[in-house]
Amino acid sequence: MDLDPYASMQVGMRVVRGVDWKWGSQDSGEGNVGTVVEIGRTGSPTTPDKTVVVQWDQGNRTNYRTGFQGAYDLLLYDNAQIGVRHPNIICDCCKKHGIRGMRWKCKMCFDYDLCTQCYMNNKHDLSHAFERYETAHSQPVLVSPRQNLTRITLKGTFQGAKVVRGPDWEWGNQDGGEGKTGRVVDIRGWDVETGRSVASVTWSDGTTNVYRVGHKGKVDLKCTVEASGGFYYKEHLPKLGKPAELQRKESTDRHPFQHGDKVKCLLDIDILREMQEGHGGWNPKMAEFIGQTGTVHRITDRGDVRVQFNSETRWTFHPGALTKLNTFWVGDVVRVIDDMETVKRFQPGHGEWTDEMAPTLGHIGKVIKVYGDGDLRVSVGDQSWTFNPACLTAYQRDEEANLMTTENAKESKSTLITVLEKLLSQKTESDHAGCLVIWAALNNAAKVRELLQKYPDKVDNKNQGRTALQIASYQGHLDVVKILLQAHATVNLRDEEGDTALHYAAFGNQADVARVLMAKGAGADLLNNAKCTALYVAVSQGFTEVVQALCELNCDVNLPDSHGDTPLHYAITADYKVIIEILTEVPNIDFTVQNCQGFNLLHYSALKGNKLAIKKILARARQLVDSKKEDGFTALHLAALNNHKEVAEILIKEGRCDVNVKNNRNQTPLHLAIIQGHVGLVQLLVSEGSDVNAEDEDGDTAMHIALERQQLMSVLMEKREGEMGSSLFSKLQASGFLGNVELNVGTAIACYLAQEGADINYANHRGKSPLDLITDGRIVQIIKDFSQKFREQQVSSDCSAITCSLRRVHTTPNTMTNLSVSSVAVPTECLVCSELALLIHFFPCQHSIVCEECSRRMKKCIKCQVTITKKLKRDSTEVECSPSSESTDQRKLMEELQNRYRQMEERITCPICIDDQIKLVFQCGHGSCPDCSTALTVCPICRQAIRERIQIFV
């Protein structure tokens with residue numbers, strides 16, 4: 001009897017490509033999701049046993065191996081669609097009760113479970129190993145820690161995707177007709193039967209309905225524009241069709257460490273001590289070896305790891321306490337992990353971390369030096385960085401072509417110089433077709449013409465792998481180029497690297513040659529093996545004249561390289577100002593093009609802090625100013641995170657961006673600036689109207705964040721950020737509240753925020769106020785003093801003072817936020833009733849948007865949702881919130897109900913003790929509680945003799 005009804009494959013499961021995949025882009029690329037719609041059976045000619053048919057979200061439908069021929073083409077991403085649920089198990093991150101789909105249980109922590117979405121979104125400690133439960137009844141499968149593993153972006157029919165009717169559509173013209181598109185607004189379960197199995201879609205005509213995406217194995221939709229559904233770790237997903245018990249045995253047999261592996265323990269002492277119990281035990285001397293590199297000596301029978309640190313010292317460790325250090329050598333191709341927080345944690349003492357390293361995350365590089373302590377110097381693009389080996393993963397050799405194209409360009413140029421040296425060293429006495437390339441290199445036009453007359457069919461002959469046209473184009477021998485073209489040289493002939501003559505002209509900075517080649521039909525948009533156009537080559541070399549020539553000849557400036565970067569992406573990175581100006585003026589440039597990291601050109605400019613690019617892009621595409629990446633980050637978020645203050649000013653003042661825009665974690669730019677301790681940016685954002693009381697996903701305000709990170713930002717305020725830090729510190733010191741207390745960055749920012757109106761009693765989702773996060777009583781009092789100062793200033797200020805002292809709330813056109821406090825007391829339209837009236841001023845948000853009558857019942861500002869603490873009229877008197885007739889009626893009704901309740905209570909309460917209820921009734925009709933009645937002979941109310949006691953139940 002099968003104890004687990006979900007243990008086998010079922011239609012409806014959601015899958016991604018697996019380890020044995022060999023079917024190219026049938027799934028539309030790695031990371032795309034499909035649905036199992038048919039299970040193979042014995043005797044079927046098209047879908048035999050141990051195969052399944054998958055309907056991919058983007059339309060393809062094909063069968064795949066799930067054990068057939070011993071191969072497994074697919075991985076199971078989600079089985080919530082077939083009803084898998086873990087009753088009474090709560091995800092300790094998102095708090096959802098009854099985890100749907102696979103369950104992930106931490107091996108290090110007591111009773112800690114995650115759902116698939118939280119597990120794949122890097123919740124909890126990445127250095128902890130987990131167990132995977134495919135169903136509520138299956139045996140657990142141990143998986144390695146997520147640390148250092150590559151995450152793959154999940155793509156398909158998810159929230160935000162554009163869809164049309166799909167293969168199982170049976171809903172008539174609900175979509176508005178064949179070919180009409182809709183947008184997915186939500187992925188949900190079908191009642192209590194299944195999870196994440198249907199999609200709510202809003203069609204172009206405005207109607208919204210729910211459609212199957214795996215429910216009962218049906219797929220009603222086809223994705224035309226994919227959306228991101230999160231991430232997944234390929235190594236941690238089960239192979240579809242492989243029995244869980246075999247996968248469990250595989251995970252047990254495949255120990256994460258082998259003899260000779262280089263390892264480190266990177267855990268805190270307290271965590272390590274706790275983990276060591278039952279795994280070799282704890283010895284205080286082990287603390288000395290935390291962070292040191294050791295070598296795996298052997299694996300014990302229990303699976304623990306014996307590590308040798310020097311010739312004499314060996315310790316036994318819990319396997320989950322160790323991190324394997326990849327062994328790399330000069331020339332190895334590596335990938336930098338894409339988790340910024342993990343990299344920041346590993347880099348101290350190993351090259352350190354700088355915000356300029358952020359673009360390397362997830363990118364591929366080459367090891368150019370190995371240091372004695374194991375750290376690596378890695379070339380990524382046109383820069384090199386020192387990395388902790390724990391921040392790198394090995395990269396497959398067959399994918400080396402995806403190395404940053406700028407490195408390829410440099411290598412190509414150096415190779416060309418070598419080729420030229422070889423050509424020029426060859427003898428030219430003999431008269432043969434092979435000499436054509438040599439005479440072209442020597443710029444001997446007469447000899448080239450003579451050879452072409454003798455050997456007209458040899459015009460494309462190669463020497464050292466290059467044609468005469470390619471060499472002449474590189475060197476700028478214009479006359480030779482024209483002669484070769486007149487002799488019908490193949491203008492788009494490629495060399496071994498895929499470069500054409502136009503690529504060679506770009507490499508050689510030959511603008512005139514490029515114009516001649518284009519006039520003769522050279523393909524300006526042809527890609528070489530590194531996925532680079534001639535324009536990209538010219539930009540990467542900084543050759544302004546060639547870039548200008550190619551742009552004038554209408555080449556496509558939007559073509560990306562293998563990393564999705566366009567020529568303008570690279571120009572921004574290299575800060576080639578003239579090239580940036582040229583490219584941004586091209587009429588058909590698309591500023592919305594995203595690279596593989598999801599950065600459009602405005603995002604990328606903000607990330608790099610390129611002021612010129614920001615100004616140029618905003619001048620032509622200001623509508624992008626609040627555009628978001630997949631993670632919800634806007635250009636202002638990126639500028640705030642990376643401390644690009646001048647860029648932030650441009651975005652706010654010239655771009656008129658929304659300073660309170662939130663990312664997917666509900667963080668505003670102000671939150672990010674505080675997280676990084678960027679004092680100057682904090683002051684800028686607050687002065688430009690950032691909401692100091694805005695919540696993030698945890699309910700934390702800016703002040704919560706500043707005080708939560710005060711220990712991490714231990715640098716004294718006056719030593720931080722030069723003049724900006726000193727300026728803020730001086731302002732705070734001038735208040736007289738600080739005394740001799742030394743402020744670090746976090747507490748100084750908190751004081752500043754309190755002075756600017758931040759609510760010091762605001763409770764987050766854990767019920768903690770900012771003051772609850774402070775252990776130093778002196779700091780608590782200082783922050784209270786600054787907060788009190790703000791309140792006193794607001795109360796004492798008159799109408800004109802209020803108007804003058806308001807922070808400028810930055811707004812965007814065509815929204816109701818253009819309403820502002822007028823310095824002249826003239827009637828203004830109320831946002832609620834539309835009557836002309838003198839508007840009421842709200843505190844602390846400073847908005848004036850409604851009249852006195854409409855303001856009386858408001859508890860929160862309808863514009864910013866901040867709780868109103870005070871409402872002032874134009875004459876600075878406070879609005880009296882007198883009760884309306886409706887509230888008076890409600891109060892009267894409440895009083896009447898209270899009177900009735902008291903009367904009912906009196907009827908059933910014992911008249912003697914007035915505590916207990918009447919449970920015994922006498923023949924006269926009165927009564928008492930049982931305890932009081934025992935001593936009674938006459939009724940205490942009517943004085944009649946008690947002859948009978950009747951028990952009642954109230």
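Cβ atoms are placed via backbone N, Cα and C, with glycine included.
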Among 86-138, 404-456, 669-721, Swiss-Prot lists zinc finger at 86-138
Which is it, of 578-613, 830-865, that Swiss-Prot names as zinc finger? 830-865
Stated Swiss-Prot location of zinc finger, expressed as one of 502-535, 910-943: 910-943
Ten-angstrom check, please: count other Cβ atoms within 10 Å of the Cβ of Cys118 (Zn(2+) 1 binding site), all chains counted. 20
Does His128 (Zn(2+) 2 binding site) have same-chain partners at least 6 apart in sequence with Cβ under 8 Å from its own Cβ, and which are they? Cys106, Lys107, Met108, Cys109, Pro145, Gly320
Relative to the Cα of His124 (Zn(2+) 2 binding site), which of the binding-site residues Cys91, Cys94, Cys115 have a Cα no more than 10 Å away? none
Given the recorded Zn(2+) 1 site (Cys91, Cys94, Cys115, Cys118), which additional residues of the same chain have their Cβ within 8 Å of the Cβ centre, ordered by sequence? Asp92, Cys93, Lys95, Lys96, Ile99, Leu114, Thr116, Gln117, Tyr119, Lys123
So if I exclude everything within five residues of the ends of the repeat 'ANK 2' (497-526), which remaining residues of that chain have a CB under 8 angstroms from its CBs? That is, six or more out. 409, 412-413, 416, 466-467, 469-476, 478, 481-482, 485, 489, 491, 532-535, 537-538, 541, 543, 545-546, 548-550, 553-556, 559
Can you check what DSSP calls Cys118 (Zn(2+) 1 binding site), collapsed to helix, strand or coil? helix
At 10 angstroms around each C-beta, which of the binding-site residues Cys91, Cys94, Cys106, Cys109 has the fewest other C-beta atoms nearby? Cys94
Neighbourhood of Cys115 (Zn(2+) 1 binding site), C-beta criterion under 8 angstroms, separation at least six: Cys91, Cys93, Cys94, Lys96, Ile99, Arg100, Gly101, Arg103, Trp104
